[in-house]
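Some features that Swiss-Prot has for this protein:
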DISULFID  CYS23-CYS92  disulfide bond
REGION    1-23  region 'Framework-1'
REGION    24-38  region 'Complementarity-determining-1'
REGION    39-53  region 'Framework-2'
REGION    54-60  region 'Complementarity-determining-2'
REGION    61-92  region 'Framework-3'
REGION    93-101  region 'Complementarity-determining-3'
REGION    102-111  region 'Framework-4'
Amino acid sequence: DIVLTQSPASLAVSLGQRATISCRASESVVNYGVSLMHWFQQKPGQPPKLLIYGASNRGSGVPARFSGSGSGTDFSLIIHPMEEDDSAMYFCHQTKEVPWTFGGGTDLEIE
């Protein structure tokens, strides 16, 4: 299985500042030139919301303050500027190989 290691496990960021969450895969998640790494946001009592797919593409209705980057094994989610509504859990997710796997999550809070 592809193991996804997320860091940090928790993060506190001031409003208007930048939050950076990293995800490292145990092997490349690139398939035919496409990075099959995605990012989700989850709030208590709600299903996960797709933020970023294919490493850097924003999902439908996702604000421009969310961006993704990376390739191969190393990926990042950046939120800038941080807003109150962004306090949530964030997960990376790979779909290159079955079983699809998730990172352990990052608990992002307002500082």
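Residue positions begin at 1 at the first shown residue.
Cβ coordinates come from backbone N, Cα and C, glycine included.
Cβ atoms under 8 Å from those of the region 'Complementarity-determining-2' (54-60) belong to residues 34-38, 66-71, 75 of the same chain, restricted to positions at least 6 beyond its ends. Tertiary neighbourhood of the region 'Framework-2' (39-53): same-chain residues 21, 23, 59, 62, 66-68, 77, 86, 88-93, selected by CB-CB distance under 8 Å and a gap of 6+ residues from either end.
In sequence order, LEU4, THR5, GLN6, SER7, MET37, TRP39, GLY70, ASP74, PHE75, SER76, LEU77, CYS92, GLY103 are the residues near CYS23 (disulfide bond), counting only same-chain partners six or more apart with C-beta under 8 A. Residues 4-15, 17, 19, 21, 23, 79, 82, 84, 86-93 of the same chain, all 6+ positions outside the region 'Framework-4' (102-111), place their C-beta atoms under 8 angstroms from a C-beta of that stretch. Per DSSP, the secondary structure of the region 'Framework-2' (39-53) breaks down as 0 helix, 9 strand, 6 coil. The DSSP secondary structure for CYS23 (disulfide bond) is strand. For the region 'Complementarity-determining-2' (54-60), the DSSP counts in helix, strand and coil order read 0 helix, 2 strand, 5 coil.
Across the region 'Framework-3' (61-92), the DSSP tally of helix, strand and coil residues reads 3 helix, 17 strand, 12 coil.
Here the region 'Framework-3' (61-92) returns a mean pLDDT of 98 for the predicted model. Summarised by DSSP class, the composition of the region 'Complementarity-determining-3' (93-101) is 0 helix, 3 strand, 6 coil. The DSSP breakdown of the region 'Framework-4' (102-111), given as helix, strand and coil counts, is 0 helix, 6 strand, 4 coil.
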